[in-house]
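Please read the structure below before turning to the comments.
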């Protein structure tokens, strides 16, 4: 949830209803109101409803529920003479801009709105940063987004003298908080007029030159970041809310210097989401019609049409919470009112049962214990230096370097355990079952979760045969007659390792640990290890059922 503080009288004046009615309607929008004092209220808003983070956004939604305005809001949009030239900025490559004229806003609320967007879609300015300037104080019609050296000087916000960017990083609170996000190789991103004067260094601080005050009605807005989609969404959210405050949106021509591409900003992109009548009925348990569904969609301030029997919802870009059909159904439920949805008397006669993978993992653990192994449990996170494959998920901001990667095998964890228990009574037989994250180019992220089991023996004298026998027993007990094919890798001794196959499908690896690997982990005794791919085993066993 995101919390905002608003003047209740200003908000109520925009929608002309009483406070209790306001609270009831906000509850329908999954928001809660708490009084602070005579004049102010605190509103908790769902973190995905970024369009509701200002009084104007809230007023827009409530006008729909009151049926004072239906469908997507229509705003005055005009072309301007302003141009933003986007140069090659390596740390934050994307930028868009817009102008808003004659918006009647509360300055304190606008700053709150900006910071709430920074904290949500902006990921504390790492993903998106917003600069809002007094348009009267912008001298140039051509603005450039580019890299500048840290020796560049300007007067930062609320300061009265010029500072270099280096000094801003050292002396100002904003510089200390956000300087590490975008500064690299001795340069900083900057929004600069064509005369060279700096308007801002995103995501750190604006220039004092374009500082907002209570008389500001015309705005120049820049949005920069690491994701073009997030930059476009953020700008659309801001300008649409300012337009609700009576503003006229001015388009800015955006030129990409690298490839000479050109676009008009803000983009005002829309997407079409088809909604099935039967799906709405099933999810909400109500009797309805296509026309009734469209009416509720319009009350939620989106356009809706019925074409050839298909309900087509037009989703504005500032509704970042609408990802698929179920999100539209949720909006319909909010329009109806959750209190108006009657619970159905449904008694389930089904009983819960364990997932097949859970049962298989339990069986493998029981077989491991029966074979004389002691179960251990390691963390899923591991130090990247202990991994054998360079294809792994790296933690971006680890709390400690000891846990800066996600394991892609259980073997490093077992070896680490053996290295710390060489004083224990021999032989040491241990095993572990658990999740790993492995490279998979066919997935949208490039990685997938995999379930595995690994077994290890350490003794004064131990060989391949010592580990093969119990592994063969475990697999045979599962109903798999496997074969072993000699296959070398960097973990095991050449000629003393194999891959485990079942009907030409690889089920795991097994072998004597290479002395170089033992030295790397500080192990002074020989060890043998096997790792089974439970996910692959499950597929085979499922096919046999």
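Heads up, residue numbers simply count up from 1 along the chain you see.
Glycine is treated like the rest: Cβ placed from N, Cα and C.
Feature annotation from Swiss-Prot assigns domain 'B5' to 268-343; the stated evidence is sequence analysis. As annotated by Swiss-Prot, Mg(2+) binding site applies to 321, 327, 330, 331.
A map of Swiss-Prot features onto the structure.
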residue: 321; record: Mg(2+) binding site; Cβ contacts under 8 Å, 6 or more apart: 46, 48, 49, 50, 327
residue: 330; record: Mg(2+) binding site; Cβ contacts under 8 Å, 6 or more apart: none
residue: 331; record: Mg(2+) binding site; Cβ contacts under 8 Å, 6 or more apart: 296, 297, 300, 302, 322
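In the three-state DSSP assignment, the secondary structure recorded for residue 321 (Mg(2+) binding site) is coil. Sorting the domain 'B5' (268-343) by DSSP state (H, G, I as helix; E, B as strand; all else coil) yields 33 helix, 18 strand, 25 coil.
Other than 321, 327, 330, 331, the residues of this chain whose Cβ falls within 8 Å of the Cβ centroid of the Mg(2+) site are, in sequence order, 319, 322, 326, 328, 329, 334.
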